[in-house]
Number of protein chains: 2
Amino acid sequence: MKAPQDVFAEYLANENLKMTPQRRIILDTLLKQDDHLSSEELYARVKKRDGSIGQATVYRTLKLLSDSGLVEPLDFADGVTRYETSYGKDHHDHLICERCGKNIEIVDETIERRQEQLAKEHGFTLLRHKMYLYGICPDCRKK
Amino acid sequence: MKAPQDVFAEYLANENLKMTPQRRIILDTLLKQDDHLSSEELYARVKKRDGSIGQATVYRTLKLLSDSGLVEPLDFADGVTRYETSYGKDHHDHLICERCGKNIEIVDETIERRQEQLAKEHGFTLLRHKMYLYGICPDCRKK
DNA sequence: GTAATTGCAAATTATTTGCATTGCC
DNA sequence: GGCAATGCAAATAATTTGCAATTAC
């Protein structure tokens, strides 16, 4: 499998865009600290490595990374978009604790199949989906 | 089944809040035109009935309606929160066309059961979930 | 060389809040 | 009558954009 950096470089070349040190650092930082970072949080980490990089560049690069398919925007219901690297990883959904924010990645073949099936029944070609389960985790329930 | 207006009135009384003409109009407008309105769109419609109602009141009332469980905020990935009335309606998920925005409401018992099951396996108490399927609808595919 | 990229600051968008006034219960 | 609600305008918060200077290819 190609390295994500190479995939990104190829994507950029294809679109007549350029690889820059800033873009390299941003992708690299995101790959390293692969939680579910917001643009803001990523910006903070990126600035530690190169203080001269601006917020706007982080936003712009995240959009490119999304378009290239390397990174996926997540949409928990709290007003901030978070990002995770999706390249080379299996698709998964999220099980989120409403109290503490704990976030567990889940996959279920039964559900995935039914989704395909449902889309088909309506004549749709399914491209992707998002599923978020919200509940209370065991730790929080005990308290 | 109680009328939504009555449910809302009861909710307000319970919380020591007050029913007002503005709140009545806002709920009524939302019930009538029950697409997936954004706060902005709802505000526009509400203003036709009473030009003196302010945006803030619409936002504030939508929050109350969400808290009361009458209305559900939706989160398609376009930066605007939309709302639908959920009272007295079965829960459903959404199948969305990425080209034309067509939005079909779907439910699937198999999926609902598996979701419960999955949450349980991780020790979570499931409160709610969101599932969005994104694809291309038959009409758009033909073009 | 030239078009894309950058950082900055100002602009936008969606939503929230402070406050003086008004109006339910 | 008293506390909640309203409308307005100003404040936030997240993200986008215009622009002059810089840089990758």
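Cβ coordinates come from backbone N, Cα and C, glycine included.
Where the annotation comes from TrEMBL, it is an automatic prediction and has not been curated.
For A:His91, A:Asp93, A:Glu112, A:His129, the entry in TrEMBL reads Fe cation binding site. Contacts of A:His91 (Fe cation binding site) defined by a Cβ separation under 8 A and a same-chain sequence distance of 6+ are given as A:Val107, A:Glu112, in order along the sequence.
The Zn(2+) binding site annotation in TrEMBL covers A:Cys97, A:Cys100, A:Cys137, A:Cys140. Sequence-distant contacts (6 or more apart, same chain, Cβ under 8 Å) of A:Cys97 (Zn(2+) binding site) comprise A:Asn103, A:Gly135, A:Ile136, A:Cys137, A:Cys140.
Residues A:His91, A:Asp93, A:Glu112, A:His129 make up the record's Fe cation site, and a Cβ search at 8 Å around their centroid adds A:His92, A:Val107, A:Ile111, A:Gln115, A:Arg128, A:Lys130, A:Met131 from the same chain. With a threshold of 8 Å between Cβ atoms, none of the binding-site residues A:His91, A:Cys100, A:Glu112, A:Cys140 neighbour chain B. In the three-state DSSP scheme, A:Cys137 (Zn(2+) binding site) falls into the coil class. Sorting the binding-site residues A:Cys100, A:Cys137, A:Cys140 by the number of other Cβ atoms within 10 Å puts A:Cys137 first.
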